[in-house]
Structures are given as C-alpha cells and as structure tokens.
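Asks: These came from Swiss-Prot, pasted as-is:
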ACT_SITE  LYS125  active site, N6-AMP-lysine intermediate
BINDING   ASP40, ASP41, VAL42, TYR43, ASP44, SER89, LEU90, GLU123, ARG146, GLU184, LYS300, LYS324  NAD(+) binding site
BINDING   CYS417, CYS420, CYS435, CYS441  Zn(2+) binding site
DOMAIN    618-698  domain 'BRCT'
Amino acid sequence: MIPVEALTPFEARIEHAELVETIARWDEAYHAKDAPEVPDDVYDGAKRRLARIEGRFPELAAKSPIRDKVGAAPSEGFGKLVHAVPMLSLDNAFAPEDVAEFDAKVRRFLGLGDEAPLAYVAEPKIDGLSINLRYEGGRFVSAATRGDGAEGEDVTRNLETFPATQLPRTLGPDAPAVIEIRGEVYMTKADFLALNQRQEAAGEKLFANPRNAAAGSLRQLDPKVTASRPLSLFAYAMGEASAPPAASHWEYLERLKAWGFVVNPLIRRCDGVAGLLSAYESLGEARATLAYDIDGIVYKVDDIELQRRLGFVSRSPRWAIAHKFPAEQATTLLEAIDIQVGRTGALTPVARLTPVNVGGVVVSNATLHNEDEIARKDVRIGDTVIVQRAGDVIPQIVGVVPGKPRGAVPFVYPETCPVCGAHAVRPEGEVIRRCTGGLTCEAQAKERLKHFVSRNAFDIEGLGEKNIEFLWEKGWVRGPADIFRLKARNDAELLQRLENFEGWGKRSTEKLFESIKTRSAMGLERFIFALGIRQIGEATAKRLARHYGSFGAWRAAMLAGTEEARAELTSIEDIGPSVAGDLLDFFSEEHNVQAVDDLVAAMAALDGAVEDAKVIESSASPVAGKAVVFTGTLVTMTRPEAKARAEALGAKVVGSVSKKTDYVVVGADAGSKAAEAVKLGIATLSEQEWLALTGAAD
C-alpha cells in the first residue's frame with residue numbers, strides 16, 4: 001500500500017472514496033446486523049487511514065458520509081428511544097505519539113501549559129455492546145442500545161432479565177432525580193465457548209466471537225432468549241443527569257459501585273502521558289489472562305467540569321480517546337478475485353478467501369484496493385496470502401507466501417464492466433477504473449436505488465435489497481420516482497398484482513405502501529443524501545440543507561450557473577472545489593434534473609413534499625442559524641472553545657467575513673476581519689457582549 005505521505009491528489013481522492021464506501025458497508029454489518037465483516041482493528045485501521053488522508057488533503061473531509069456517523073439506525077424490530085445526551089464513539093490512538101498529541105490537544109483547548117497538572121482515568125475497552133440505562137426517582141425505567149447515537153433500540157424488557165447484582169433496580173437516596181448510566185454488555189470467553197457448544201449440539205448457528213454473541217443475545221425480540229444467555233455488564237459512563245453526581249469521573253465510578261453496579265477493577269487514575277502509557281503497557285501484558293475480550297484502553301479527562309468545557313467534535317468527545325492494541329496476521333488461500341461495481345461505477349476487486357481465524361474473528365473477504373496493488377504484490381488466484389488485522393491500514397492482503405502454485409497466472413483486470421459490458425476507463429493519474437455505463441448499467445442503477453431506500457436515506461420499511469432486486473427484475477421500479485408510483489401501478493394491474501407473488505401477501509404489500517406514503521414527506525438533508533451524488537455523504541448533505549434551508553433554494557442555487565453561486569457553495573464548511581464540482585456536474589445533466597423533479601412530483605402526488613431543514617434551536621438561542629466570525633485574542637475562552645460553544649447554540653462559525661456574516665466577535669489585537677466587518681456594516685461584538693448575547697456572561 002502506498003504511504004499516505006506519498007499519495008498524489010488523484011490517488012488520495014480515489015482511495016478516499018473507496019474507504020468511505022467500504023467503511024459504510026462495514027458499519028451497517030456491524031451495528032445493524034450484528035455480523036461484522038472484519039475485525040475491529042481492521043476497521044479501526046481503515047478509519048485511521050481515512051483520517052490521515054483527510055488530514056493531508058482537507059478538501060476530502062466533506063466526502064465522508066461516515067465522518068459524523070455513529071453506529072447504525074435502530075432495528076425496526078424494536079421500539080426506539082431517543083438519547084437525551086448522544087451516545088458517541090471515540091477517536092482512536094495507535095501509538096505513544098498519538099496519546100501525546102491527544103494530551104497536547106486537550107491542553108491547548110483548555111489553555112493549560114505542559115507542566116500544569118491534568119488527571120486522567122484509564123479504563124479497559126470492553127469488546128461488547130454499549131447500553132444506556134435510565135433511572136428516574138432512583139428507579140430503573142428503560143434501557144436502550146447505542147443505535148445511531150441519537151436514538152437506540154428499546155431493550156428494557158431484555159435488561160430486566162439481568163440479575164440485580166448486574167443491574168440494580170433501585171439506586172440509593174443520593175441519586176439524582178434523573179440519571180442515565182452507560183456501560184457495556186459483554187460475554188466472557190468461557191461463557192462464549194459454552195454457548196457455542198450448546199448451539200452446535202442443537203444444530204444452530206455458531207457465533208463468530210464473544211462480542212457478536214453478546215450483541216445477538218441482547219438484541220432478541222423474545223426476552224426469554226436473552227435470559228437464557230450468559231451476559232454480564234460493566235458500568236463506566238454517564239448520560240443525562242438532572243444534577244451532577246460527582247465532581248470527577250473517578251468519584252462517579254465510586255458512586256456507581258455504591259449503587260450496586262459492577263465497575264471494572266482494572267480502572268486506574270493516571271497523571272499525564274507517562275501515566276497513561278504505563279497503564280496501557282500493564283493492561284497489554286494482562287490482556288491474554290483476562291476472562292473477557294478487550295481491544296484497547298480508554299483514557300478520559302477526570303475532571304467533569306473540564307469534560308464539559310472540552311465538549312464534543314463531530315462524532316466524539318474531545319476529552320476521551322481509545323488507545324487500541326496492535327494488529328494480528330494469518331495465512332490462508334486466495335480462492336477467487338471478484339470485481340464489484342458500486343453506485344458511482346467504481347470497479348473494486350475483492351479477495352474471496354478460505355475462511356481463517358485472525359485473532360478470534362473469522363475472515364473470508366479482504367479488499368485488494370485496485371489493479372495497481374494487485375500487480376505490485378503479484379497476487380494470483382491460488383496463492384497463499386497473508387491477511388492482516390492492522391492498526392494503521394485498510395483491511396488487506398499484506399503479502400503473498402513465496403512459492404506460487406503451478407499454473408497460477410497474473411490476474412488480468414477487466415477493461416469492460418462485468419455487469420453491463422460498457423467500457424471501464426481509468427483516467428490518467430487515477431487508480432480506480434470506472435464503468436462508463438452510468439444509469440444504463442444495471443449494477444449502478446440498482447445500487448443507487450438500494451442507497452435511496454437505505455436506513456440513513458429514505459429508510460422505506462419493507463423495501464430492502466431483496467425486494468429492490470425483485471421490483472427491478474419485474475421492471476416496476478427503475479428510478480426513485482417509480483417507488484412512489486408503485487401503489488398506483490399495482491392498483492392498475494389486473495393479473496400481476498404484487499400481493500399475488502410468493503413472499504409478498506396482502507398485509508406485507510399494504511404495509512409497504514403505507515411506509516412509502518409515510519416517506520413521501522422527507523427532510524431536505526435526507527433527500528439530498530438519498531440522491532447518491534458522488535462525494536455527498538450524510539454530513540455534507542446536512543450542511544447543504546442547513547445552509548440553503550429549502551429544496552427550492554437548494555435547487556435554484558445548483559442550477560444558477562454563476563460564479564457567485566459557486567462561491568457561496570464553496571463557502572460552506574468542508575465543501576471545497578472538488579465536492580462543489582461534483583454537485584454542479586450532477587445538476588448540469590438534464591436527465592438528472594428531470595429525475596429529481598420527477599421524484600418531487602411523485603412525492604407530491606402522495607401528499608408529500610421535501611420538508612425544509614430544521615433550524616437548530618438550542619434553548620431558543622438568539623444565535624441559532626447565524627453566521628459568526630471570531631477574530632483576535634479571547635480572554636475567557638480559547639478559540640476552539642468559543643467555536644464549540646457557538647456551534648452548540650446552533651450558530652455557524654465561519655472563517656471569513658462576507659455579506660452573509662451576521663456577527664463578528666472582536667477580541668484583543670483583532671486584524672483585518674474587524675475592519676472588513678465595519679466596512680460591510682456587519683454587527684461587531686466584544687467578547688463580553690457575545691457572552692451576554694448567548695447567556696454565558698457571569
């Protein structure tokens with residue numbers, strides 16, 4: 001694999017798109033299906049390489065639909081519970097330098113010097129399923145999985161099967177009126193082996209690893225199944241609390257123990273980077289002897305007030321990080337190389353392997369990245385290959401064991417699409433070959449439809465991949481608008497009505513049509529994401545929706561064709577020339593505009609519409625939706641802290657002053673931005689005036 005530092009812009013752009021698509025697929029398998037396709041450290045490695053590429057090429061950051069994403073949408077088999085405080089994931093560290101950089105970032109954000117005391121808590125990172133337990137008036141009332149971070153699955157009845165020694169039903173009189181306690185449901189190694197022995201004896205499917213077994217056991221529609229499984233629970237974090245139960249995380253853990261929760265006995269309190277690395281080394285040495293699986297150690301700033309000040313960025317807290325353990329390797333046989341065609345036409349090679357256990361997880365597929373990598377490593381069908389679960393690279397075949405089998409020939413990369421037969425071209429300087437068939441390519445068209453109905457797009461219940469394939473083969477659905485005309489078409493049929501086909505039935509067909517009608521009203525950000533425009537992920541779609549506000553305004557801006565419209569587009573956070581180019585190119589094609597308008601019309605025919613973007617209203621914040629510029633040196637907070645607070649109130653913090661700026665907050669030694677604000681007649685505020693406006697003044 002080419003080192004990130006050596007990637008050309010073309011190579012970075014193509015690998016970035018490949019990483020985004022791969023990670024999104026893994027997220028769905030891991031969080032929604034409890035069937036991880038790759039080991040955790042392979043996944044972490046892909047995320048880390050993605051972050052390194054985005055760090056070197058910042059303009060690519062907006063191309064990540066998984067950038068701000070946590071988990072996956074809750075399963076439709078369970079009710080949903082909204083998390084009052086989002087359940088976010090953690091950034092990762094893989095080397096001592098990463099830990100030192102984490103500590104340095106915390107200190108910079110808080111304005112602390114290198115020698116200032118800063119305490120942390122180091123906790124084993126349990127490999128299980130995260131859970132949120134809500135108590136009101138000291139009594140257990142509900143439990144939810146992480147889900148997509150904003151809302152999770154209601155598994156209250158399943159948690160009620162846990163013994164009181166694992167899950168206290170009541171807390172002490174000192175508990176806040178409302179408190180959410182977070183932890184990890186896991187399965188010990190011994191219990192996992194015993195469960196699989198019972199599964200095998202009963203002729204049932206075996207679980208791949210303890211984490212998968214724990215997740216599958218907890219997410220059962222029948223609580224009796226959960227009760228029959230040997231699950232355990234460690235408590236370690238806090239969600240919503242009506243009053244702070246402790247001043248530090250360490251004190252909070254002590255409070256959890258007093259309330260009857262099991263807290264991991266290996267948790268340590270540490271000072272500075274040296275203390276964190278010492279805890280990491282000690283835990284790494286003990287890892288093999290533990291009764292349960294861990295995949296790293298989590299470091300948290302101990303002081304809860306400092307945690308509050310540090311806040312969150314994107315999908316993770318600034319005050320915590322996960323330090324992961326190193327990679328593992330195994331050898332296996334490469335049985336075949338398949339070429340997959342994605343919705344953007346990218347031809348991606350996938351290695352089909354004889355299943356092999358790599359560090360406790362069965363791996364049967366691995367990416368081969370692109371044709372250059374296949375040629376560079378001289379990977380051939382029939383080779384014995386080295387599969388790596390890696391800490392800093394994408395899941396991959398890292399090498400070939402010497403001694404190729406007789407008759408093995410070099411792999412010839414196709415120059416035509418394996419699905420539609422159209423030319424597959426590779427522009428000069430790029431590493432990805434793409435099908436030129438566009439929407440005439442069945443693979444691309446079907447993949448776009450699957451994307452359109454997916455959980456984070458239109459999320460149409462009853463219209464999964466299998467049913468999309470069926471409707472495509474029947475010729476009833478060839479584009480998004482056809483979905484919203486499906487009932488009318490079905491009603492007009494005399495013989496081939498949907499409910500008459502095997503696997504459908506009257507009730508399931510009615511439910512599908514009800515779901516389609518419900519989804520005929522859709523928020524702008526999901527609508528934009530669902531279109532499947534290249535490089536437009538969930539995060540970018542959300543920024544576009546919030547910026548333009550309505551479908552009409554967004555459509556008009558995309559079709560304006562003026563330099564002013566392009567400049568406005570690139571002024572949006574994380575949208576650079578490349579992303580803007582793909583957006584405008586999409587709308588420059590008349591058939592795309594027609595398809596979008598046709599979709600909106602079909603939605604309207606069912607009394608639906610594309611709904612305007614919701615304006616963030618944080619406690620009726622007076623700055624919600626306002627564009628704010630900070631300039632000069634601030635006194636009461638650091639610049640990153642000011643930005644984080646403003647965004648938490650719904651403001652849009654921008655880096656330059658323009659006619660669209662609402663406020664310029666002027667600190668000491670302000671430069672040209674303050675002068676530009678005066679010139680344009682934009683309101684300027686002192687730091688104290690800003691604090692007074694936002695209700696943060698003393």
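Placed from the backbone N, Cα and C atoms, the Cβ positions cover glycine too.
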Asks: Could you check which of the recorded positions (LYS125, CYS420, CYS441) sits closest to ARG146 (NAD(+) binding site), going Cα to Cα?
Replies: LYS125
Asks: For the residue listed as 'active site, N6-AMP-lysine intermediate', what residues in its own chain, 6 or more apart in sequence, show a Cβ-Cβ distance under 8 Å?
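Replies: Same-chain residues close to the residue listed as 'active site, N6-AMP-lysine intermediate' (Cβ under 8 Å, separated by 6 or more) are ILE294, ASP295, GLY296, ILE297, VAL298, ALA322, LYS324.
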Asks: Work through the binding-site residues one by one (ASP44, LEU90, LYS300) and name whichever has its CA nearest to the CA of CYS441 (Zn(2+) binding site).
Replies: ASP44
Asks: Compare the C-alpha of LYS300 (NAD(+) binding site) with the C-alpha of each of the binding-site residues CYS417, CYS420, CYS435, and give the closest one.
Replies: CYS435
Asks: Under 8 Å Cβ-Cβ from CYS435 (Zn(2+) binding site), six or more apart in the same chain: what's there?
Replies: VAL341, GLY345, LEU347, CYS417, VAL419, CYS420, ALA422, HIS423, ALA424, CYS441, ALA443, GLN444
Asks: What three-state secondary structure does DSSP assign to ASP44 (NAD(+) binding site)?
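Replies: Where ASP44 (NAD(+) binding site) sits, the three-state DSSP reduction gives helix.
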Asks: Sort the residues of the domain 'BRCT' (618-698) into helix, strand and coil with DSSP and give the three counts.
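Replies: Counts, helix then strand then coil: 26 helix, 17 strand, 38 coil.
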Asks: In this structure, which of the binding-site residues LEU90, CYS417 has the fewest other Cβ atoms within 10 Å of its Cβ?
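Replies: Per-residue Cβ counts within 10 Å for the binding-site residues LEU90, CYS417 bottom out at LEU90.
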Asks: Per-residue pLDDT averaged over the domain 'BRCT' (618-698) comes to what?
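Replies: Computed over the domain 'BRCT' (618-698), the mean pLDDT is 84 on the 0 to 100 scale.
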